[in-house]
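Only one structure is covered here, and it is reproduced in the block below.
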Amino acid sequence: MDELQELEKIRQDGLAALSHVADEAALEAWRVAHLGRNAPVMQVFSRLGQAPKELRPKIGQVANQVKQELEAAFQERATALKQAALQRALTAERLDVTLPGRRPARGRLHPATQNLRRILSILGEMGFQVYTSREVELDEYNFQLLNIPPHHPAREMQDTFYVESPQTDGSYSVVLRTHTSPGQIRAMREFSATNPDNPPPIRVALPGMCFRYEQITARSEVQFNQVEGLVVGRHITFSDLKGTLSDFVRRMFGQNTRTRFRSDYFPFTEPSAEMDVECFVCGGKGCAVCKKSGWLEILGCGMVHPTVLQNGGYDPRKYSGFAFGMGPERQIMLRHKINDIRYFWGNDLRFLEQF
Ligand code: DAH
């Protein structure tokens, strides 16, 4: 067979093989086989020197044509394959603009905030106004004006974060509030300043974060919320305290919730009490949450101590009042049987997303 016939065969074989190429990998294999360094058409070029001299121009010219034809066919095939791939992708990945969008994950209120708001809305319905006091307090307001003098043992119940270095007398003057009670003094002073001779009655709810220098364990945290209530006016009695708190608890935990009061001690109230509600987990029958007692301790309360009224600018001979303080996180823990307080400020979404 002479080289010209050979070239015709190379051309036909190449084009025939190309017509079976269906993807990019096969196309590349074809390119190596038919246009690569050892491809038949390339070998014709290498053999050119051996051909009779007068045939060489003709063979060289035809070989070039065949090579160019194969290259053009290769390009065409490559373009067609790319086009087909694009077509497939467009069909497969078609964007259906009529599909509903994917909702972005929605945030929610922290369980402590949810419960805080619930408490405040109930107290609001009962005529309390919200009074937000400061988190960084003077020792004077956090302790002294609440009848807790510098060396009073009651300070030991509230291990304190001191913000400043000690004064010359060894005392500290700025603290992170250990409870919301100093807000009582701030509210009373603000109200009484409007009319010092005849200060107006007060009914306020004081919510917010409190801080104690505690070892962090399942039962104690260095920060927690409290909601404090304060009512001051003329002829406010202990029965007002009992009636108001019983009503609050029924709105909070259900109309049939039973309550009981036990005497207690706080320096800023006299007399003082703890209020229990019937365990809302077992209905009073006794369970692990109420430690088989049927009762849950829910808040501290009492009649505002005369000295505290005085410190707030209210004459204790004319005015009386009651106060109470509760921990919203504790209520959530009891209600949902949460056994570790550290979940609250641990920022673990697995916990937070359940509320
Ligand atoms: N301040 C108290 C505490 O943090 C709670 C408390 C008890 C507040 C009795 C009151 C009250 O207003 O009357 O432990």
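Any Cβ shown, glycine's included, is placed from N, Cα and C.
Listed in TrEMBL:
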DOMAIN    138-334  domain 'Aminoacyl-transfer RNA synthetases class-II family profile'
BINDING   Glu270  Mg(2+) binding site
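Averaged over the domain 'Aminoacyl-transfer RNA synthetases class-II family profile' (138-334), the predicted model reaches a pLDDT of 92. Of all the Cβ atoms in the protein chains shown, 15 others lie within 10 Å of the Cβ of the residue listed as 'Mg(2+) binding site'.
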